[in-house]
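Colleague: According to TrEMBL, the compositional bias 'Low complexity' annotation covers 1-14. Residues or ranges marked as compositional bias 'Basic and acidic residues' in TrEMBL: 15-26. Annotation comment: TrEMBL describes 36-150 as domain 'Response regulatory'. Summarising the annotation, TrEMBL assigns 4-aspartylphosphate to D85. For 1-26, the entry in TrEMBL reads region 'Disordered'.
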Amino acid sequence: MSLTTSEELATSTELDTREREEQRADTLKLEPARGAVLVVEDDPSHREILVEMLAGWGYEPLPVGSAEEAEFAVRNKRMDAAIVDVFLPGRSGATLMSRLRERFPQSVLIGVSAMSDAAMARKCKGLGADLFIGKPLDPQRLAEALQSRHTSWH
């Protein structure tokens, strides 16, 4: 009789364990990240807004405040896209964009600046940017740029 009870207990414990694992798996079911997006912005509030938007859209934001931090952040990490402020303290965002384009030729590269005129857009394109967006950033335009430029993420 104790053998039957032991078998029943083992079966019951096995079911409980399996149910807990299934519940845990359901809890952890998240959409896979759409890609890693480097965010290079020296203004902490602008950087945080970008991080929140990108995370909300399913991307993995890699936020940094300078060109030097950006190069360190992607030293051993794949980057699928970058949003780079053209004017940064220290090494310029322009220099960073050309370096990122060399290292990540397939990545989406977006230059941003409060100085949003045709000359700035041409400068960014000349540095290898896929797109230039003036500040304040238009979230819809940014989302469309990320989605349309790199269809392998989806």
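Cβ atoms here come from the backbone N, Cα and C positions, even for glycine.
A description of the local structural setting of each listed feature is requested, covering burial, neighbours and distances.
Modeller: In sequence order, V40, E41, D42, D43, H46, G93, V112, S113 make up the list of same-chain residues 6 or more apart from D85 (4-aspartylphosphate) whose Cβ falls under 8 Å from its Cβ.
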Colleague: Mind tallying the domain 'Response regulatory' (36-150) by DSSP state, helix then strand then coil?
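Modeller: Taking each residue of the domain 'Response regulatory' (36-150) in turn, the totals are 51 helix, 25 strand, 39 coil.
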Colleague: Any idea what the model's mean pLDDT is for the domain 'Response regulatory' (36-150)?
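Modeller: Averaged over the domain 'Response regulatory' (36-150), per-residue pLDDT gives 92.
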